[in-house]
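Participant: Please read through the structure below; I'll follow up with questions.
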Amino acid sequence: MEVTCLLLLALLPLHCRAQGVYAPAQAQIVHAGQACVVKEDNISERVYTIREGDTLVLQCLVTGHPRPQVRWTKTAGSASDKFQETSVFNETLRIERIARTQGGRYYCKAENGVGVPAIKSIRVDVQYLDEPVLTVHQTVSDVRGNFYQEKTVFLRCTVNSNPPARFIWKRGSDTLSHSQDNGVDIYEPLYTQGETKVLKLKNLRPQDYASYTCQVSVRNVCGIPDKAITFRLTNTTAPPALKLSVNETLVVNPGENVTVQCLLTGGDPLPQLQWSHGPGPLPLGALAQGGILSIPSVQALDSGYYNCTATNNVGNPAKKTVNLLVRSMKNATFQITPDVIKESENIQLGQDLKLSCHVDAVPQEKVTYQWFKNGKPARMSKRLLVTRNDPELPAITSSLELIDLHFSDYGTYLCVASFPGAPVPDLSVEVNISSETVPPTISVPKGRAVVTVREGSPAELQCEVRGKPRPPVLWSRVDKEAALLPSGLPVEETPDGKLRLERVSRDMSGTYRCQTARYNGFNVRPREAQVQLNVQFPPEVEPGSQDVRQALGRPVLLRCSLLRGSPQRIASAVWRFKGQLLPLPPAAPGAGEPSDHSELRLDAVTRDSSGSYECSVSNDVGSAVCLFQVSAKAYSPEFYFDTPNPTRSHKLSKNYSYVLQWTQREPDAVDPVLNYRLSVRQLNQHSAMVKAIPVRRVEKGQLLEYMLTDLRVPHSYEVRLTPYTTYGAGDMASRIIHYTEPINSPSLSDNTCHFEDEKICGYTQDLTDNFDWTRQNALTQNPKRSPNTGPPTDVSGTPEGYYMFIETSRPRELGDRARLVSPLYNASAKFYCVSFFYHMYGKHIGSLNLLVRSRNKGALDTHAWSLSGNKGNVWQQAHVPINPSGPFQIIFEGIRGSGYLGDIAIDDVTLKKGECPRKQIDPNKVVVMPGSGVPHQPRPQLWGPVAIFLLALQR
C-alpha cells in the first residue's frame, strides 16, 4: 500500500499559482555560538552578551523573492560612529576568539532589488575581567620622613572589566567595611567609571601593617571567575628611588661602547627596573640587564633619550633619563646675502655682503667654524666681522660680514666646521665672490613646458638654472592641495634641476613647480617656473561584459561607450562576431567629429546571429573591449526559498517529499517557456533522475510548484532546473535541498520532531547545565560505546534514524544534568499534550524529567513529568498534559545516575493542542528492540483488507 501511494505521489502534476510573488527583503537576526545572555525583552535594544575569546555567531535569516543578498556592517558602539566594513557578504557572521574591541552594534542589511533593503541590528556586548593592579600611595604632606610610619595610606585597586567589577577588600582573611573598622574608608574616586576602589587607612595603627587583598568580581557573568591581588604593607614599605652612573646628558663619539647603570637607592618591595628608548625601540644589539644598559659600537642613529624606570606599585614610579648624543655632522650649506638694508639682490661694490655657513650636527652647540680667504685664515677687521647665532638664520650658524665691499674683497672663501678633539671628520663649504657672482634665474627649456608620456613609462621634468653659483632646484605640485610627489615627499631637491619619475600613473598628471633654493646660493626671493605633465592611458569602456537577450526575429542594438581615457576620444572601433571581423557599421550623421561610442545594429536575432560580439575601441594609446553575449535563450529560474514547511516526512518508510517552488526570471524578454528539464541527484551519488515538466504561458512573478518525492531521509539532493523555449535550452539554476523537520509549533497539524536534521527542530542546549544532549543514529554510534545501555536504533528501528541521548560515561558524575530546551511557543489554547518516546535501559539509569518554562514575566520552570530507573531495552511512549498560562518552552532534563550504564534517549516529540488521551497506559506504547527478550505484542492482521483493496484496483 505504501509503495502504491509513493508511486501516485511521483505522478503529481506541476501546480502554478498565477500571482506575483516578488517581495522585498525581510530580515531577522538570530544568535548561535557561545552567547552568555541574550536580552530581547526590549525590541529596540537587542543585546548579545559573550565572553572575550569565545566564538560569535550571528545569523541573518531572510525572506523575500528573489533571494536577498546579505551584507554585515558594524559601528563601534554608537549611531554617530562611522560604519566599519566586516567584509562578510553571507547570512552568517562568525568571529573566532572575539576581542573586546569587536563589541558594538552589528547591522544585517538584506536587499534583493525589490522595494527598500531590510536592516536589522543587534548590540554585541563583550564581557571580560583583567587582572587587577594594586598601588599604594601616601598623602602629599607626608613626603618627608619615613614613608609609612605615620599619617594616611591609600591602597588603590584598578581593573578593566565589562560589566563594571565589584570590589572586596580584605585584611588577611577578614573582609573590611566602614561599619566594622573606623580606621578604614572605602570609596570610588571621581571620574573612574567604576574601575577603581580605594582603601584608605587613616592614621596608621600597628594592626594596619598586614596583608591586603583586593578581590574583583563580575558576579560570574559568562562564567568569568573572580580575580585577586595581594599586597603586604610593612613599616619599611617605600617607593622606588634611583640614581644614574653618568650625567643626564652623555656625549660620545661614534663607534664607542656605551654602558649606563641605573642604581636603586630605595624601595620596598624590591622595585623592578626597565629601560626604554624614545623615539622607537632600543637599538639593535643593545642589551638591558637589570639596571645596566649596554650599547656596543654606538652610531649617530642611536642618539636619543634613554629612560630607566623603577616600579614596585608604591607611590609613583621613579624615572631617570639619559640624553645620549653621538657626535655627528652632515649637510654643510652656505648662503650669500646681499645688502639687506638697501634691499639689493646683487653683489655691488660699496654695499654690505654676508656669507653664512651651517652644518647639522649633534650636539649642535659644540660645533666650531673657521673661515679662510684664498687658503689663508680670514682676519677680523673693521670691515670683516665673523658672528655666530645670527637671529635671521638657523641656530648655530656662522656668518662672515663684509662691510662696504671693496674690489680686494673678491676671492674664494672657505668655511670649515669641526668638533675639536673628536674623531669626527671636518665638513667644509666653498664660496667664490667676484664680479661674475650673480643671483639665479630659472626657466623651462624650449619644448619642455608640457611633457606627455604614456602610463607606466618613465618621465623627466626639467628646469634650467642660470647664475653663479647655481643653487639646487626644489620641486612640488601646484594643482593639488597638500599633494605629495611620487617619492612621498611634499618637496624634493634635485641638484641638476631634473625631476625623474619612474613608471608614471594617471594620478601623477598635473602641474609641477620648480623653484630655486635659498641655500647653496643667494639668500633672495626664490625664482620659479612650472611644467605640465600629461599622462596618457588606454580607454575604459562600458559595458565590459553584457548579456543581451531577445526573442527570435527581434532587432538588437549593441553600444560600446568610452568612459575615460587620455586622449578622451575614440580613434578607431572594430567589431567582431565569434572572432571574425565584421564590416564597419554605417557612419551616423555628423560622424566626422570624434565620438565617444560605437554602435552595431542587428536586424533580427536568429540562431545563426546568436553568439559572442566584441567591440575593440582604441584611442591611439591602447585599446579596451566591450563584450556582448547575444542569444534568445531563456534566463534562469529563480528558486523560491520561503515555501512554508516544504518538507513532508514519512518516518516509517524513511522517505520524504519536498515542495519545490520557483519563478521565471524575465519571461517576456525571450520566447515563451515551453517546459522545464528537472534533474534530481542525491549528494555523493553520480546518477540523477531527469524529468520534463510542461508548462503553459508563464507570467512574470508567477509561482510554479512541483512535488519531489521518494527522497531518502535524511539525505540532501542537488536540484537542477533548466527552461526550454523554441530557441532551445536556457540558463540552468541549481540549489541544494536538505531534509529539515518543522520547528515545533502548536499551530502545525503535523509537528512531530524526529531529530532527523541537525537543527533538531529549533531545540537548543541549555547553557546553565553540566553537559549536553547528543544527536546520533546507529551509523554514527561509537563502536566502543558502553554495552547494556542506550538504544541500538531510533523508534523506527532503521539505522539511519536519529534520536537524542545523554552519554553518562566519564567525565560525567552523579547528579550531572543535561537540558534540551524547545523553541518559545505562544500559547493559543488552554491545554496541550506533550507526547514523546523515551528509552531508559541500564542498571545505572538516573532520571528523565519534563519541565515547562513559563515566560510571562521571567523564566519559571515547573516539573510536569518525571521517571527514574531502568525501564528495559524498549522504546516507550509518554503523554504529558500541560496548561501554560502564556508563552512557554518545554525542557527535557536528563540526570546522570550512579554509574556509566545510564544512557537515556528520547525521540519523536509531539506537541499538540488539546487534552492527552484519557486512557493512560504506562507505558502507552512499547517498541521492542531486536534481541531484547521482550515478548511481541499481538497486532491486528491486515492481509485480508489489503488483498481485497488490491483486487478492487485491478478490476
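Using N, Cα and C of the backbone, Cβ positions are placed for all residues, glycine too.
Okay, these came from TrEMBL:
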type	residues	note
SIGNAL	1-18	signal peptide
DOMAIN	24-123	domain 'Ig-like'
DOMAIN	132-230	domain 'Ig-like'
DOMAIN	240-323	domain 'Ig-like'
DOMAIN	338-432	domain 'Ig-like'
DOMAIN	440-532	domain 'Ig-like'
DOMAIN	539-631	domain 'Ig-like'
DOMAIN	643-743	domain 'Fibronectin type-III'
DOMAIN	751-918	domain 'MAM'
REGION	779-798	region 'Disordered'
COMPBIAS	779-788	compositional bias 'Polar residues'
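Help me picture these features in the structure, burial and contacts included.
Facilitator: DSSP labels the residues of the domain 'Ig-like' (240-323) in these numbers: 3 helix, 49 strand, 32 coil.
Per-residue pLDDT, averaged along the domain 'Ig-like' (338-432), amounts to 92 for this model.
Residues of the domain 'Ig-like' (440-532) grouped by DSSP class, helix first, strand second and coil last, total 3 helix, 44 strand, 46 coil.
Across the domain 'Fibronectin type-III' (643-743), the DSSP tally of helix, strand and coil residues reads 6 helix, 55 strand, 40 coil.
Residues of the region 'Disordered' (779-798) grouped by DSSP class, helix first, strand second and coil last, total 0 helix, 0 strand, 20 coil.
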Participant: Take the domain 'Ig-like' (338-432) and count its residues per DSSP category (helix H/G/I, strand E/B, coil), listing them in that order.
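Facilitator: Taking the domain 'Ig-like' (338-432) as a whole: 6 helix, 43 strand, 46 coil.
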Participant: Per DSSP, what is the helix/strand/coil residue tally across the domain 'Ig-like' (132-230)?
Facilitator: 9 helix, 43 strand, 47 coil
